[in-house]
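Enquirer: The domain 'Sphingolipid delta4-desaturase N-terminal' feature in TrEMBL is assigned to 5-43. Annotation comment: TrEMBL describes 43-61, 68-87, 107-124, 187-204, 210-231 as transmembrane segment.
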Amino acid sequence: MGNRVTREDFEWVYTEQPHTQRRKEILAKYPEIKTLMRPDPHLKWIVSGMVFMQFLACYLVKDLSWKWIFFWAYAFGGCINHSLTLAIHDISHNVAFGNKQARWNRWFAVFANLPIGIPYSASFKKYHIDHHRYLGGDSLDVDIPTDFEGWFFCTPLRKLLWLFLQPLFYSLRPLYVNPKAITRMEIFNALVQFSIDLIIYYLWGLKPIVYLIAGTILCMGLHPISGHFIAEHYMFLKGYETYSYYGPLNWLTFNVGYHMEHHDFPSIPGCRLPMVKKIAAEYYDNLPHHQSWIRVLWDFVFDDTIGPYSRVKRLCKLAKES
């Protein structure tokens, strides 16, 4: 089974998250960054093209053998679906239609959700707000693994299993850590999603449904793109809780690799985050960052000092809802 990870608890800190202060400093020095806080005019067209590409793929795979269904789900469809989850991430920050058209963003996220096969967008929005507001917050930030995950998945083989099961933990963890009431948007999201699933099943049978859902599960688990889940906030160096990645996979993931920049300025679309780094280069160039998401996954599995416990946690006071 390999050696047990030496870390036996999270890294508890008693300071405010670093993004708040850095945001203030950068805006004071470079106020022109505020001009980047506007909708991405291309996002809705790119996402629409990806959605219809997956619908075309559903038609093309309907007569394939099962082995090819799973092959194309992992090698092609799942990559698009994972990319769509990251588009939904951007849309959750209202960058498709702007803050004044919040409902359009919510509805468009439901549309982007369709190839994923299972309802996702409304629940993600509900919890992602907390991830930014209470980064690392105990019982608030559901991106943080549970104590059981940190305790049990502590050897290379178990960590490999944990990576494979990531979609399961990401979907179930909020229900245990910070359960919230089901919203009307979540119900709408589910009704639309399952209606489209039934239509696809009626038109082309079961294989396209398996293609979509298997691709989502496989490519959010043990897959090169899913390295961003680990790369973003797992503490590879003590004292640093957020990391960026500036490699080519950003082209497929709406620049989610620019994660320090994103947490500093969550209202800036992914397409403009490289401009943030360029303008405020002295704030980012000397911070530790990742060169490869594949290397991140390798190190996570085989480095005994890294595991699900390798996260910063803090106690946060609940903000008053406006």
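Every residue gets a Cβ built from N, Cα and C, even glycine.
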Enquirer: Same chain only, please: residues at least 6 beyond the ends of the transmembrane segment (43-61) with a C-beta under 8 Å from a C-beta of the stretch. Say none if there are none.
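Expert: For the transmembrane segment (43-61), the list is 68-69, 72, 76-77, 80-81, 83-84, 87, 90-91, 95-97, 108, 111-112, 114-115, 200, 204, 207-208, 211-212, 254, 269, 271.
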Enquirer: Using DSSP, tally how many residues of the domain 'Sphingolipid delta4-desaturase N-terminal' (5-43) sit in helix, strand and coil.
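Expert: Across the domain 'Sphingolipid delta4-desaturase N-terminal' (5-43), DSSP assigns the residues as follows: 19 helix, 2 strand, 18 coil.
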